[in-house]
2 protein chains.
Amino acid sequence: MPSEFDLIRRHFTRSPQHTDLAVGDDAALLRPRAGVQLAVSTDMLVSGTHFFADTDPEDLGWKTLAVNVSDLAAMGAEPRWAFLALALPAADDPWIAAFARGLFACADAFGVDLAGGDTTRGPLNLSVTIVGEVPAGQAITRTGARAGNELWISGQPGLAALGLAALHGEVALDAAGRARCVDALQRPQPRVELGLQLRGIATAMLDVSDGLLGDLAHILEASAVGAIVDAAALPLDALRATGANAAIARRCLLSGGDDYELLFAAPASARPALTELSTSLGLPLHRIGQITGQAGVCLLREPDGTLAPAGASGYDHFA
Amino acid sequence: MPSEFDLIRRHFTRSPQHTDLAVGDDAALLRPRAGVQLAVSTDMLVSGTHFFADTDPEDLGWKTLAVNVSDLAAMGAEPRWAFLALALPAADDPWIAAFARGLFACADAFGVDLAGGDTTRGPLNLSVTIVGEVPAGQAITRTGARAGNELWISGQPGLAALGLAALHGEVALDAAGRARCVDALQRPQPRVELGLQLRGIATAMLDVSDGLLGDLAHILEASAVGAIVDAAALPLDALRATGANAAIARRCLLSGGDDYELLFAAPASARPALTELSTSLGLPLHRIGQITGQAGVCLLREPDGTLAPAGASGYDHFA
């Protein structure tokens, strides 16, 4: 069995693009640009909790980094450096090679240097810390939503949850639909460029990892506002097109996790800019509701006009 | 069982001292001082690999952060921010409270803000990423050792390995000695102030986590030099004083891990400065050998003058 040091060297050492000193010393050395704040996020993925033990390791490598990149996208920050701590039950060379391939594909796609890490023996656990930059004072937090703002979501929320349901055998999708949903689950696309472009436009933002309504509640709490989500405005058609019925599609869209789309509030005056941005990025942006002054109250407006408490909570790993 | 969010809030949220935005958004925001490089290190501790499952959680909290602080000390960097990713098999409130107490004791001792993290369910796993600052260009890496430099080690290496052997029942120590050794194992003291003071003095440095000779080999490889370690200069007396016999004391000093003392090279002209530094810090600094020009060759000079290959390798988690 190759040693820990060999494993790290062979699969995880690549020439960094913008790191003064990367893997191999007690710490990495990096130099932030002048005038920035650093945005730093940590996510830990555990086998059996966050992914199946038999998940394709290349997909897993992509997703392990992508979910962290998404956290920076949600702040309007530019991802720059990642650090990987990895516990493996065995030194499985092909598995590690495939995992590294997926991880570096994501790193390359978003300009991230893998600047350091740690590898050890233990139950499979993937912990990434990502460091990005944002011009000082321009980060988009969760606290700025105001009554009268409109509520937007990017892309196609619900696909990942449908993909998970399909893998669990809980829902039957047509072949193309299943492939699209499983791909959304296993290869999420962090909305970095959108996040950067929303600086100065979005008043509050996060990425949807635990479900749209559950994550919306975090914005409402942090901003001390409420919201009305307009069911008629939810982008259900693409979910229905995979073969899912209406109830499942709606549940996956509102409560499913793992989409990593950006959910944000913006003043109504931003509509033209957002329409233009959607076009220039080739990324749908859906206006799905309004921010209200009723702190903590999240209502769902049905197509017939009735209002009811949205009620769903996010997926809780300890619930 | 309290929710994930409750757990995080209750035990890990404290007012940060120098963080613009800490726990609770998609990412933390922090602002490095002007003119610095950031030093970043990640360590993952796994139950059964790095510590016993029944380790006192307060000690474990201390050590989890301390080993990361030590990595920055070994670069001559000032620790500033830490991020904790934590997988727990159950939401055990008293355990988490004690762990957080130990972690924050270490954070307070070294001026570190816990600026973010992630908590999830899974086999016990503690992953910390630490971020520190060093004036640009002044970090002490492993690459600068030169033939003629002298080799130094701080404090009392070997205590932690003796403590581990005592806990394993492999060695009988007297009660006071055992307590000292177990304390060294469970409450390691990162040598931050020493690391900072060694900027401009040490030519190469690391912290001894895997054993003195094994870690020395990393300096020799990175600097393309060799070393002669002088057995007569090894600080064995304090180890013998705990009740350990000569062979065990020597083995623990040379090959035992987990001490987190600083091992460094410095020019002979630095002797007076190092003597003064030792006094001012109240911390022993032992001159234990020389750097040679024989790349990769590490010899041990016995008290009778004979030279033999040092030979021991570090502890390898995959060996």
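The backbone N, Cα and C atoms fix where each Cβ goes, glycine too.
These figures come from a predicted structure and were not determined experimentally.
So that you can see what the record holds, here are the features copied from TrEMBL:
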BINDING   A:ASP26, A:ASP71, A:ASP207  Mg(2+) 3 binding site
BINDING   A:ASP26, A:SER41, A:ASP71  Mg(2+) 4 binding site
BINDING   A:THR42, A:ASP43, A:ASP118  Mg(2+) 1 binding site
BINDING   A:ASP43, A:ASP71  Mg(2+) 2 binding site
BINDING   A:HIS50, A:ASP258, A:TYR315  substrate binding site
BINDING   A:GLY117, A:ASP118, A:ARG142, A:SER209  ATP binding site
BINDING   A:ASP210  Mg(2+) 5 binding site
DOMAIN    A:24-134  domain 'PurM-like N-terminal'
DOMAIN    A:146-295  domain 'PurM-like C-terminal'
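Long-range Cβ contacts of A:ASP26 (Mg(2+) 3 binding site) within its own chain (separation 6+, distance under 8 Å) are none. With an 8 Å limit on C-beta distances, the binding-site residues from A:SER41, A:THR42, A:ASP71, A:ASP210, A:ASP258 that reach chain B are A:SER41, A:THR42, A:ASP71. Following the DSSP three-state reduction, the secondary structure of A:ASP71 (Mg(2+) 3 binding site) is helix. Candidate binding-site residues: A:HIS50, A:ARG142, A:ASP207, A:ASP210. Nearest to A:ASP118 (Mg(2+) 1 binding site) by Cα distance: A:HIS50. Taking the Cα of A:HIS50 (substrate binding site) as the reference point, the closest of the binding-site residues A:ASP71, A:ASP207, A:ASP210 is A:ASP210. Sequence-distant neighbours of A:ASP43 (Mg(2+) 1 binding site) (same chain, 6+ apart, CB under 8 A from its CB) are A:VAL67, A:ASN68, A:ASP71, A:SER127, A:VAL128. Using a 10 Å Cα-Cα cut-off around A:ASP210 (Mg(2+) 5 binding site), the binding-site residues A:SER41, A:THR42, A:GLY117, A:ARG142, A:ASP258 reduce to A:ASP258. Across the binding-site residues listed here (A:HIS50, A:ARG142), the residue whose Cβ sits among the most other Cβ atoms within 10 Å is A:ARG142. Here A:ASP258 (substrate binding site) is positioned 19 angstrom away from A:ARG142 (ATP binding site), judged by their C-alpha atoms. Note on the binding-site residues A:SER41, A:THR42, A:SER209: the fewest other CB atoms within 10 A surround the CB of A:SER209.
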